[in-house]
Amino acid sequence: LSAGVGTVHVLDTIFTMDSFELSWEGLYITLTFSSLIYSVTLGCNLILLLIIATNSNLHQPMYLFLLNLSVNDLIGISAMVPRVMLNMLSQDKAITFLACVIQALCLHIYGGATLLILSVMAFDRYIAICHPLRYHSIMTKGSVMKLSVLAWLVDILLVGVLFVLTLQYPFCRTALSNYYCDNVSILKLTCAKETTVNNIYGLFITGLLHSIGLSSVFFTYIHILITCFRNRSVESNGKAMHTCATHLLVFLIYEFSGFVIVLCYRIPSMPPSLQKFMAMSFFVIPPCINPIIYGVKTKEIKRKLKLVFANKIFPSKVSGYFKRPTINTVA
């Protein structure tokens, strides 16, 4: 079908994706690196999920929110990397309409859910450090469930409306301008001559989600710093700063990865293939690093990891069990 001629029947649409312009050597290196990163990310997040899910003493707010973050990380990287690798190996670079929309939905949900889950985690740390005596009465299992569901529902609702606005138009083109599907790329394929509403709404939800993330982190850490200055206990302050540093590092990595995308497309001299590869980092780096950071920096998870591997490698030398922590105001 020639671009701009007639309209395409949506369910029968086959889109053609943009591709990486790589030599055989570059393609081999990129595929190897992508496979390695995806395998490591998949393994680390699944291990983290299993440890949290199978240990009842980790069924506490901070770890349950971390479980949500790992699920979201798996959604993001699984929607991006396998499809990109298939695109590199494919001759026609084709993707069906349904597969394209699903990928785009997953990528947008990943981006929004990360900010909302990190915001909820910031609130949890605020209550734990600034109101420790009320922590267990506020952060009940019911509260954790409601906050988790709310984060997902708000994100899905915002992203869903975005795609409803886009998919209301008929399609006149089939050649995607990107190597993966997102709302902007799909919108460019429609016959729409006026997309002001779509653009304004897209900017609105981007601004809203980032405002929620930044304001929650700013509010949380200002109050935590004030509490630490008032608290003369060096040990308590050390624990508070340790758990906050982990959360803040994850948040900054996510924001930095998003900044890299914006920066790459603002540098005209950068080779297109390098731009595409760097842009993919937004969907790869945070999901890969997050479980490693929490696995290394969070005491309880690290202890469980050591116990699991010790049982596998030296089962006869492992005796007893780690004591269940009495208070989990800070990790």
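Cβ coordinates come from backbone N, Cα and C, glycine included.
Keep in mind that TrEMBL annotations are predicted by a computer and have not been checked by a curator.
Feature annotations, courtesy of TrEMBL:
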DOMAIN    44-294  domain 'G-protein coupled receptors family 1 profile'
TRANSMEM  27-51  transmembrane segment
TRANSMEM  63-82  transmembrane segment
TRANSMEM  94-123  transmembrane segment
TRANSMEM  144-169  transmembrane segment
TRANSMEM  200-226  transmembrane segment
TRANSMEM  247-268  transmembrane segment
TRANSMEM  274-296  transmembrane segment
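Sequence-distant residue pairs (6 or more apart) of the transmembrane segment (63-82) and the transmembrane segment (274-296) include at least 3 whose Cβ atoms are under 8 Å, placing the two stretches in contact. Non-local neighbours of the transmembrane segment (247-268) in the same chain are 69, 111, 114-115, 118, 121-122, 125, 213, 217, 221, 274-275, 278-279, 281-282, 285-286, 289-290, 293-294; each lies 6+ residues outside the stretch with a CB under 8 Å from one of its CB atoms.
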